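Chemist: Quick one: structure below, then a few questions.
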């Protein structure tokens with residue numbers, strides 16, 4: 001009897017072991033089947049998240065692009081209106097205090113009075129008496145140490161855009177080959193010079209090439225035959241320089257050499 005009990009116990013243990021093994025296998029199978037749905041759900045969530053990020057990036061890029069387009073369109077309009085409004089207020093401020101003392105507080109009267117005053121000054125300075133007064137005033141200004149430099153610079157700018165062709169500083173717009181071969185510089189013809197050091201006299205054009213500002217630049221003497229004259233007026237050339245070349249037309253065509261210059265060259 002004592003020997004049968006260990007045998008029975010061993011048999012029970014073997015039976016329990018056989019019963020436990022399938023149970024463990026089935027548990028492993030259940031774990032594998034349950035891991036598949038979890039992995040598929042994580043993959044679907046990651047794909048949904050990536051699509052959401054792509055959509056958000058697209059919306060943000062589209063919105064920023066449209067916003068910058070609106071800024072590009074509205075910025076020059078806003079700057080133009082702001083400068084115009086500031087200029088009207090600035091000019092109106094010269095005579096509006098006089099009207100305010102008289103009890104007239106109508107906006108625009110000072111501006112109209114300033115415009116009329118500028119027109120009358122132009123009419124007066126065009127006469128012989130006005131020119132004499134202007135020369136006398138310039139004589140005093142040019143003897144002031146610091147003021148004369150400011151006056152000369154501002155006068156050069158105003159003379160450059162003067163409608164009087166006789167006193168206009170910039171005669172024509174010019175394009176010259178400078179500083180190296182294959183490169184061109186944009187400038188203005190200010191005068192013509194005849195060089196007599198050579199066996200045959202050579203006509204040179206004095207070309208002013210602005211560097212940073214309109215009143216700062218280099219003066220180059222270029223043969224008149226090497227000067228390219230585009231179909232641009234002086235005002236258009238000044239706009240190109242002030243805008244940093246952004247207002248340059250896409251296509252430029254050249255014009256013929258002025259007849260006066262040709263006749264002068266042939267007479268030499």
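Including glycine, each Cβ sits where the backbone N, Cα and C put it.
Grabbed the feature section from Swiss-Prot, which reads as follows:
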type	residues	note
COMPBIAS	34-48	compositional bias 'Low complexity'
REGION	21-48	region 'Disordered'
TOPO_DOM	1-70	topological domain 'Cytoplasmic'
TOPO_DOM	92-103	topological domain 'Extracellular'
TOPO_DOM	125-268	topological domain 'Cytoplasmic'
TRANSMEM	71-91	transmembrane segment
TRANSMEM	104-124	transmembrane segment
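Context for these features, please: burial, neighbours, distances.
Modeler: For the topological domain 'Extracellular' (92-103), the model's average pLDDT works out to 84.
Non-local neighbours of the transmembrane segment (71-91) in the same chain are 108, 110-111, 114-115; each lies 6+ residues outside the stretch with a CB under 8 Å from one of its CB atoms.
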Chemist: Apart from its near flanks, which chain residues at least 6 from the ends of the topological domain 'Extracellular' (92-103) lie with a Cβ under 8 angstroms of it?
Modeler: 109-111, 113-114, 117
